[in-house]
Amino acid sequence: MNAVFTPSTTIQTQRPPFWSHEVNRGFLLSGLTLLGVVGGFLAKGYGLGWLQDGLWALAFLAGGIPAAHKAILSLVQQRKLDVDLLMVVAALGAASVGQAGDGAILLFLFSLSNTLQSWAMNRTRRAIEALMTLHPEGANVLLPDGSEQWKPLDALSPGDILVVRPGERFAADGLVVDGYTDVDESALTGESVPVDKKPGDPVRSGTLNGHGVVRVRVERPASESTLAKLIKLVENAQASKSRTERFAERFEGPYTIAVLLSAPVVFAVAHLVFGLEAAQAWYRAMTFLVVASPCAVVIATPAAVLSAMAAGARAGALFKSGAALEALAKANIFVFDKTGTLTEGRMKLVQVVVLQGSEAEARALAAGIERYSEHPIAQAIAQSWEGPTPAISQVRAIRGHGVVGALADGTPVWVGNRRLLTSLEVGLEPPVERQLEAMENQGLTTAILGLDRRIVALLGVADTPRPEAAQAIAKLQRQGARVIMLTGDRKAVAQNIAAQVGISEVYAELLPEDKLERIQQLRQEGTVVMVGDGLNDAPALNAADVGVSMAAGADVSLESADLVLMKNDLNRLVGAQQLARATARTVYFNLSFALGIIIVVGAFALAGQVPLPLGVVAHEGGTVFVVLVGLRLLAHRLGN
């Protein structure tokens, strides 16, 4: 009855089609069981008792041995009684009172139900496993003499130049160094429109090259690529269950014991109190045993959760666990970082106010130290200068402050915000303060460049909101969500961006620990989603009920997140919550239906109004029904 993956420890190029063997074997055994059932009743009609017994024995063996095997393994390995044991006991109980035909029908329907469940759940598996097959087995590597050599995936190293032709998949994350093409990233992002690539543009492993031949410099080993990390996330997600799933699994063992113990009680009451013959009383007890089995209750949640996770993965929203899916459905507070989350994150250095020396010297000095930082502001400053830079050593990034280092002669050099100046005990003269405020009032994010205790230049960096940010924020607010911005940037800059995207609640000039504290406070008021993509966001992502990261974000934020958006599109977050809420509704319906079947049909079974075959149909039919209802989520489209 379990429908989860076992996480693997290695990245494989393809997954073995274990599901086809399992399903084919199930259909074969179900067919043999059906042959025994039908043949047995035909033999009974012709008075061939010996053939009848032989064919029903075939049905018991084909349908009962697999169930008994699973029941024994569960008992020995997990110390748990499960529903397979109930079915075997009920079938044997029916046979013991001369109703072997009914017992054979029970085993056939149980076998067929399990096989149909395996087939249905494997539709979900295949949707998720599509990610697993995206890795090519290797790539053509350009050698120094201009020739090419094919290398397997695990032999690729950073610095290798790959030659990728039209129709081939990129084997590793890298940068285009030569050529122009368009790339189909739909397998990772869910976006069907190809993305143009030129020299300097990044490409991701597993994406499909379009019309051009390109050369790509490998940036990281295949085992550390975006695709490899996402495969691990998806695999681990299957083993991480929601609270509802964990409750259902804990419920199964004690409930199964209770049902087993109730069968003798039903027999005793029917026989001793209501005066039924022993055979009739025992038959009624076996019918109740079948009807009361919790198959549908146990499978109700994983059928929906796995289907939803598969639908999300296909659309570029990867949930790390069923718990994240469950929490997102209840979320009512959405907290956004500013840089790279609400904004494009492609910042540009647009203004340099030189206080000492020349602008070229200031740009070179700033680029020389900022190239050691991954922060978007630092990257914008570093990429704005293409000339030579001074040698800088002892570089140290101070979270929420800036970067410090030293020139070759030992002179301290630094770039950062006002907090960095305070920690370095460097003062701001009033004219410099006024210039900074003027830049910030224009919506610029500022950084201060200094040598030793002297301010050399003021740097103004501009960013723009994501084109879909205002629309996504408006959708969340219409759904009743409270939307907040947390940022380390200056208040004027934060308010400027917030006004453009429609956020009224803004907290600015926050250190990472301040963001963490604010998230902890907000969790006292509701279920909190934190959306960010930078190194500074990792503590807050960890602290939130649901941490959401963009796949283009820092590796640490990906590790800290509960939901990874493969396409940098905030509308996917809105769609992910709609999917989560649809999943919650489906789980509620499935559990209500499954429990309703047990209560209603169980009551009729106790009253003797349900024969064993009909009880089996109700039980197994209900189980298959909740699986199929869960599978409807596979058709969900983010945004629909």
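Note: Cβ is positioned from N, Cα and C throughout, glycine not excepted.
Fair warning: this is a prediction, and the values are worked out from it, not measured in the lab.
For reference, TrEMBL has these:
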type     : residues : note
DOMAIN   : 134-235  : domain 'P-type ATPase A'
TRANSMEM : 26-43    : transmembrane segment
TRANSMEM : 55-73    : transmembrane segment
TRANSMEM : 85-112   : transmembrane segment
TRANSMEM : 255-274  : transmembrane segment
TRANSMEM : 286-311  : transmembrane segment
TRANSMEM : 587-608  : transmembrane segment
TRANSMEM : 614-635  : transmembrane segment
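Averaged over the domain 'P-type ATPase A' (134-235), the predicted model has a pLDDT of 83. Proximity of distant same-chain residues to the transmembrane segment (55-73), defined by a Cβ-Cβ separation under 8 Å and at least 6 residues beyond the stretch ends, is recorded for 29-30, 32-37, 39-40, 43, 81-82, 84-85, 87-88, 91, 95, 100-101, 103-104, 107-108, 110-111, 114.
For the transmembrane segment (614-635), the residues of the chain that approach it from at least six positions outside its boundaries are 105-106, 109-110, 112-113, 116-117, 120-121, 123-124, 127, 287-288, 290-291, 293, 295-296, 299-300, 302-308, 310-311, 579, 582-583, 586, 589-590, 593-594, 597, 601, 605, judged by C-beta separation under 8 angstroms. Among the listed stretches 26-43, 85-112, 587-608, the one sharing the most Cβ pairs under 8 Å with the transmembrane segment (255-274) is 85-112. Here the transmembrane segment (26-43) has long-range neighbours at 49, 51-53, 55-60, 62-63, 66, 100-101, 104-105, 107-108, 111-112, 114-115, 118-119, meaning same-chain residues at least 6 beyond its ends whose C-beta is under 8 angstroms from one of its own.
Residues 244, 266, 270, 276, 284, 287-288, 291-292, 294, 296-297, 300-301, 303-305, 615, 618-619, 622-623, 625-626, 629-630 of the same chain lie 6+ residues outside the transmembrane segment (587-608) yet bring a C-beta within less than 8 angstroms of a C-beta in it. Counted with DSSP, the domain 'P-type ATPase A' (134-235) comes out as 20 helix, 36 strand, 46 coil.
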